[in-house]
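Visitor: Input: one structure, supplied below.
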Amino acid sequence: MSDNYGQYQQTIYANSMYGSSRPVVTTDPRKLEEQARQMMDARAFNYIAGGAGEKSTMDSNRLAFRQWKLIPKMLRISEVDTSVELFGQKYPHPLLMAPIGVQSLAHADKETGLAEACSEVDVPYILSTASGSSFESVATSSGSGKRWYQLYWPRDNDITLSLLKRAKENGFEALVVTLDTWSLAWRPADLDNGYLPFLAGVGTEFGLTDPVFRAKFEKETGTKAEENIAESSREWVQSIFGTNHTWEDVAFLRKNWDGPLILKGIQHVEDARNALKYGCDGIVVSNHGGRQLDGAIGSLEVLPEIVDAVGKDLTVLFDSGIRTGSDIIKALALGAKAVFVGRPAIYGYAINGKEGAKAVFQGLLADFHLSMLIAGIASIGECRRDAIRRIQYGGDLKALL
Ligand SMILES: Cc1cc2nc3c(=O)[nH]c(=O)nc-3n(C[C@H](O)[C@H](O)[C@H](O)COP(=O)(O)O)c2cc1C
Ligand SMILES: O=C(O)C(=O)c1ccccc1
């Protein structure tokens, strides 16, 4: 399937017209969230769909995409090559699953189910530290699929080293260190619902399976982590959030991780330069899907200046607001080498489990493939700034959403 996205829409039409099966998961990116909402527990849905403050940064993410327009070219190509090289490895398309914690909120198969879905559609899976499945089980379900690991960076270096060791041993090839969520933002929907998954013991099993954390906990309290889940979960959360690392500490990660080291949550050119200075291989230009700093600039807005500053030396990746094939082209044209998609995949997973998540990836990849064809862009290398133009709209920008 992965290399046959040109045919994917034909399959959908044929299944509907000659068979009787319509797509279970809507193919319309604007209807996906609502379809998921109808099927989900309200608090879990609000946690996933929610953002910080007034959600103004979520709006800014989408508005930024709306203000860039593609300029198609005709009579040029008949096929596209969507493959891309990242950190010396070839990937079939420039799309990865964003690291998302607490996937049990979407489906009972948790991270292992989504990792399996990703592997089946050749989308690399990035495992979050805020997971309810261990490295070991995700590695098994991901199988020969590509997988990276996202670190919420513990205060304690011994725990960090243990996580890095387990990531390496289990075939997680690249390390994504998320910097923008060291403290959780003001999230009104969850505050009003009185709902934080971690406090309900969701998404902490990952830490509770860590041998170094377990030994420390046992020494401090005289009880095993699993004998006192409430206390050990609280301890784990405190050990990975509210941390006070500095740029100098990045040297510790560099010294102890020999694969690609990528910092996630970069929005400022100065930070992009720091990532280079402290020996990283890549960055993810991201504002956490508008879940952290409300009022922050749209992630796509800062992409060009960051690419101009460090794009020759660092692999610049992008997320926050990717919803369509054209969005992927726009981010690549502005210099990203690949993008992550977050909420849409989780909505598909909530609607129809593994098959639902696969349908979202397949739809997005088919849309990307078709949009490349119709735009006359033959390869990722041809996604350049001359393929797009910024439009200055007057009036009420919100009308564009
Ligand atoms: C429910 C939820 C949980 C998330 N958990 C994490 C996480 O554990 N680690 C992380 O680096 N980013 C996390 N993110 C942020 C995503 O990796 C990504 O930056 C964001 O979802 C991209 O925006 P999009 O949802 O608009 O595609 C989370 C996002 C959501 C929606
Ligand atoms: O909700 C998030 O955005 C996030 O990054 C997170 C943080 C802690 C637990 C689960 C997800």
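Quick reminder: no glycine exception, Cβ is built from N, Cα and C everywhere.
It should be emphasised that the depicted structure is a prediction, and the values quoted were computed from it without experimental measurement.
Just lifted these from TrEMBL, have a look:
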- 21-393: domain 'FMN hydroxy acid dehydrogenase' (DOMAIN)
- Tyr47, Tyr152, Arg187, His288, Arg291: glyoxylate binding site (BINDING)
- 99-101, Ser128, Gln150, Thr178, Lys264, Ser286, 319-323, 342-343: FMN binding site (BINDING)
- His288: active site, proton acceptor (ACT_SITE)
Visitor: Roughly how many Å lie between the Cα atoms of Arg291 (glyoxylate binding site) and Asp319 (FMN binding site), rounded to a whole value?
Guide: 12
Visitor: I need the CA-to-CA distance for Tyr47 (glyoxylate binding site) versus Arg343 (FMN binding site), whole Å please.
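Guide: Cα to Cα, Tyr47 (glyoxylate binding site) and Arg343 (FMN binding site) are separated by 11 Å.
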Visitor: Taking only the Cα atoms, work out how far Arg343 (FMN binding site) lies from Tyr152 (glyoxylate binding site), in Å, as a whole number.
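Guide: Counting only the Cα atoms, the answer is 19 Å.
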Visitor: For a quick check of understanding: given the listed glyoxylate-binding residues Tyr47, Tyr152, Arg187, His288, Arg291, what is the maximum Cα-Cα distance in angstrom, as an integer?
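Guide: Greatest Cα separation within the listed binding residues comes to 19 Å.
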Visitor: Which one is it: of the binding-site residues Tyr152, Arg187, His288, whose Cα lies the shortest distance from the Cα of Gly321 (FMN binding site)?
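Guide: The answer is His288.
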Visitor: Considering only the binding-site residues Gln150, Arg187, Arg323, which possess a Cβ situated under 6 angstroms from at least one atom of ligand 1?
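Guide: List returned for ligand 1: Gln150.
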Visitor: Less than 6 Å between Cβ and the nearest atom of ligand 2 is the rule; apply it to the binding-site residues Tyr47, Gly101, Arg187, Arg291, Gly321.
Guide: Gly101, Arg291
Visitor: I'm trying to understand the geometry here, so how far is the Cα atom of Arg187 (glyoxylate binding site) from the Cα atom of Gly101 (FMN binding site), in Å to the nearest whole number?
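Guide: With the alpha carbons as reference points, the distance is 16 Å.
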